[in-house]
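J.: So Swiss-Prot lists the following for this protein:
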type: BINDING; residues: 26-27, 78, 132-134, 183-184, 272, 288-289, 317-320; note: NADP(+) binding site
type: BINDING; residues: 184, 186, 189, 192; note: K(+) binding site
type: ACT_SITE; residues: 189; note: active site, thioimidate intermediate
type: ACT_SITE; residues: 191; note: active site, proton donor/acceptor
type: BINDING; residues: 222, 223, 224, 245, 246, 271, 272, 273, 289, 290, 291, 292, 293; note: GMP binding site
């Protein structure tokens, strides 16, 4: 018979970080850099572990060039062709600052695998692979991870998405280094409404991080961050990386053209399982499928650098409030308190800084 779990599961909106005594005199003293050695690839990562999503409107080459200046990572979306990858590498002249902060995304079809192998063989500096499916619980996905690990034994593999500890363990033991955590929390994802499936993001991160770290693996919180405070909460919950999409949407570096409506500028932003994405890349929505994503006009925000400064400033502030001198200490210092109200929104909810 159906089973109900009565233990409360929490999202970012359900908690706040409790402030604690601190020896820090300034936010400038906070060190946001992390260094990880991955379980399966044995490679070392150094950077600020905030990751641009591999959505085609966010995970662009242009985004990667800017984010790399801040030591942030970009998972390049899977719809770039081999020639476009070649042109990008030539343009940046294999800049190690950029190449060390990007990964190639791939689906799990035969053609996806062939393109992945071609690009990785062509660009030896490319050391990160992101294997991305909506449902990371499928046996075919686990088999694909094993196949990619066998083909690329020294590449670092991100894989997901899942939301429970036992599946995190399965993916890590199958060859993944970093497991992406999150089903349905994204700002333009409608999976929870269409399928009724999901898991509150903070609880998913807490439980999956515990499972992963027990195997010397890593987790990436993917989705659900509506402001810099949510990013801090994800790190506080044990995430090693935090992937963001909506917070980076609408900028110059995003895919698509700027459009004008009623005198205001916008950029199109949509989920990768939306009607828009499926029609763009597959010609139509298959009869057996339903759209599981929204398409919205995102207010134009100008250059992404301004938003990155705001995001990193919020992270430093969170660390300062709870007495963490380094981002590494955030999860150790974090205590969450349950709340019924986050903020006083009498005038406006949080908005990412943008250029009107």
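Quick reminder: no glycine exception, Cβ is built from N, Cα and C everywhere.
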J.: If you compare CA-to-CA distances from residue 272 (NADP(+) binding site) to each of the recorded positions 189, 191, 224, 246, which comes out shortest?
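T.: So, spelling it out, the nearest of the recorded positions is 189.
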J.: Between the Cα atoms of residue 320 (NADP(+) binding site) and residue 192 (K(+) binding site), find the distance and write it as a whole number of Å.
T.: 35
J.: List only the single closest residue to residue 78 (NADP(+) binding site), chosen from the recorded positions 191, 192, 224, 293 by CA-CA distance.
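T.: Looking at Cα distances from residue 78 (NADP(+) binding site), the smallest one goes to 293.
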J.: Quick check: with 184, 186, 189, 192 left out, which same-chain residues have Cβ atoms within 8 Å of the centroid of the K(+) site Cβ atoms?
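T.: Going along the sequence, the neighbours come out as 182, 183, 185, 190, 191, 198, 223, 271, 292.
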J.: Under 8 Å Cβ to Cβ from residue 189 (K(+) binding site), same chain, six or more residues apart: give me those in sequence order, or none if nothing qualifies.
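T.: Within the chain, residue 189 (K(+) binding site) has Cβ neighbours under 8 Å at 223, 271, 273, 292, 293, 294.
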J.: How far is it from residue 192 (K(+) binding site) to residue 183 (NADP(+) binding site), counting Cα to Cα, in Å?
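T.: That comes out at 8 Å between the alpha carbons.
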J.: Which ones in the same chain are close to residue 26 (NADP(+) binding site), with CB under 8 Å and 6+ residues apart in sequence?
T.: 320
J.: Neighbour count, 10 Å Cβ-Cβ cut-off, for residue 78 (NADP(+) binding site): what number do you get?
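T.: Residue 78 (NADP(+) binding site): 20 neighbouring Cβ atoms within 10 Å.
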J.: Using Cα-Cα distances with a 10 Å cut-off, which of the binding-site residues 133, 291, 318 are near residue 184 (K(+) binding site)?
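T.: Among 133, 291, 318, not one has a Cα sitting within 10 Å of that of residue 184 (K(+) binding site).
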J.: For residue 222 (GMP binding site), just give me the three-state DSSP call.
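T.: In three-state terms, residue 222 (GMP binding site) counts as strand.
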J.: In which DSSP state, out of helix, strand and coil, do we find residue 189 (K(+) binding site)?
T.: strand
J.: Quick check for the class: what is the C-alpha distance, in angstrom and rounded, between residue 186 (K(+) binding site) and residue 224 (GMP binding site)?
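T.: About 5 Å separate the Cα atoms of these two residues.
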J.: Which ones, of the recorded positions 191, 222, 246, 291, have a Cα no more than 10 Å from the Cα of residue 183 (NADP(+) binding site)?
T.: 191, 222
